[in-house]
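Engineer: I'd like to ask some things about the structure below.
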Amino acid sequence: MPVDINRLTDGWLELESDPGLFTLLLEDFGVKGVQVEEIYDLQKNIEGPVYGFIFLFRWIEERRARRKIVETTEIYVKDEEAVNNIFFAQQVVPNSCATHALLSVLLNCSDIDLGNTLSRLKVHTKGMCPENKGWAIGNTPELACAHNSHAMPQARRRMDRNSGVSTGRFTGEAFHFVSFVPINGHLFELDGLKPFPMDHGPWGEKEAWTDKFRRVMSDRLGISTGEQDIRFNLMAVVPDRRIAITHKLKMLRTNQTIVSAALEKLLKSKRTESRSLETVDKIKKEEESPVKLSSEYSQLLEMNEKDDSSVPMSKELESLVSLNSSSDSVEIIGETEIKKENPPPSPPPSFIGAGTFSPKDLLSLLKNLESEINITEQHLCDENEKRAMFKVDDCRRTHNYDEFICTFLSMLAHQGELGDLVSQHLITNRKPNMGSVQNSGSRGVVRNYNKKTTTNGSSPKTPSSKRRRGRTKYRKRK
């Protein structure tokens, strides 16, 4: 929308309490790695870290009238230096409580990627008083544009009628957003309509700050006493689930590669070992072959002793025999070593040793990794689809259907069908009231019946009317 810097603080529109809307609003602010989730069960533990909570509650007109009265409360933090060192902004711009609640969480966390706009705002408002921080929020064009881009078209028309501070749904009542964040080991409640931030105290050493928050909210909502007001909404600002799922998927795939390589290496070593065992068996069968070769060569030498040309040959054979015998001796030594190193095999246990696995264990582990990878990929797909649906719902929420409806009704009127449709609609609405029409008709019959009763003195169906007619005939005979 076009930005008028002179009237920037006058045009903020009210927003719905929807986690998808708040998540998209974070993206428009330039924040990365953060999303908003709705909390349905306050007593259920929340998985993973939580940056803060956003609480939507009913703001009654009576409370709104008393908001200017500064209450003396023990949980108020009135130290000016302490208040200015945290990001607490008073809401001076109407209908900006949704953005205030988000900024109260984001700008009080040090491990969030705020982006350029919010980083500049955080540096600019450092050390400011709460009122000036509120004006700084209202006069930031990027925040105003992002805020109003997610408002319904009805909010613009409703803004002219309702000039209250927070969002209104009907006369005398509105809904307001506040934030709960952990700051310096204490649970703080940041409400832009209050003059000071509220410190609910530290949490225990062996508990998380979310446990402290649940206790505070249970007491406020009356859950612990059974007097619960169901007209509230609770959302949590958490890290983007897709980042954790993507990291988990990467680790699973890395482990899958490692296990596959280990399994392949183990199978390769098994194949090498089986080949060596086959060689040992072959050596067992050929243990007597050196003796046979020596006898054959000796006979050959005896046959050729008388021949002078057989000498070199004998020398070559001797060398060959010596070579074979030496090689045979080496092979036998190797065989004895193999026999000593490899005793008769025993049934392999599940775990051969510390940190080692059998092929069966590796196959089972690889199967579990593949199953976990499929589940994690489905979770990532679900998160991406949910983020896509956030955008679809936002388009449906912010689209102005007035032009379409007016054009559609004009076309029906031009074709002469609008009157018939309106008549059918009116007849359909009258059908549930047919019982009252019949009752009114029956009351009319009663009125006519009463007239006859008044004229004749009694009902014509009663025995007295018959006697009256009899008396009349008797009088006529006289």
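Glycine is no exception: its Cβ is also placed from the backbone N, Cα and C atoms.
Okay, these came from Swiss-Prot:
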{"type": "ACT_SITE", "residues": "Cys97", "note": "active site, nucleophile"}
{"type": "ACT_SITE", "residues": "His176", "note": "active site, proton donor"}
{"type": "DOMAIN", "residues": "400-428", "note": "domain 'ULD'"}
{"type": "SITE", "residues": "Gln91", "note": "site 'Transition state stabilizer'"}
{"type": "SITE", "residues": "Asp191", "note": "site 'Important for enzyme activity'"}
Engineer: Whole-number answer please: how many Å between the C-alpha atoms of His176 (active site, proton donor) and Cys97 (active site, nucleophile)?
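Structural biologist: With distance taken Cα to Cα, Cys97 (active site, nucleophile) is 7 Å from His176 (active site, proton donor).
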Engineer: Give residue numbers and ranges for long-range contacts of the domain 'ULD' (400-428): same chain, 6 or more residues beyond its ends, CB-CB under 8 A.
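Structural biologist: Cβ under 8 Å, 6 or more out: 153.
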Engineer: Taking all residues of the domain 'ULD' (400-428) together, what is their mean pLDDT?
Structural biologist: 83
Engineer: Please report the Cα separation of Asp191 (site 'Important for enzyme activity') and Cys97 (active site, nucleophile) in Å, rounded to an integer.
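Structural biologist: Cα to Cα, Asp191 (site 'Important for enzyme activity') and Cys97 (active site, nucleophile) are separated by 9 Å.
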Engineer: May I have the DSSP-based helix, strand and coil counts for the residues of the domain 'ULD' (400-428)?
Structural biologist: 24 helix, 0 strand, 5 coil
Engineer: Taking 10 A as the limit, how many CB atoms besides its own sit near the CB of the residue listed as 'active site, nucleophile'?
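Structural biologist: By my count, 28.
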Engineer: Return only the integer: C-alpha distance in Å from the residue listed as 'active site, nucleophile' to Gln91 (site 'Transition state stabilizer').
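Structural biologist: Given the Cα positions, the residue listed as 'active site, nucleophile' is 7 Å from Gln91 (site 'Transition state stabilizer').
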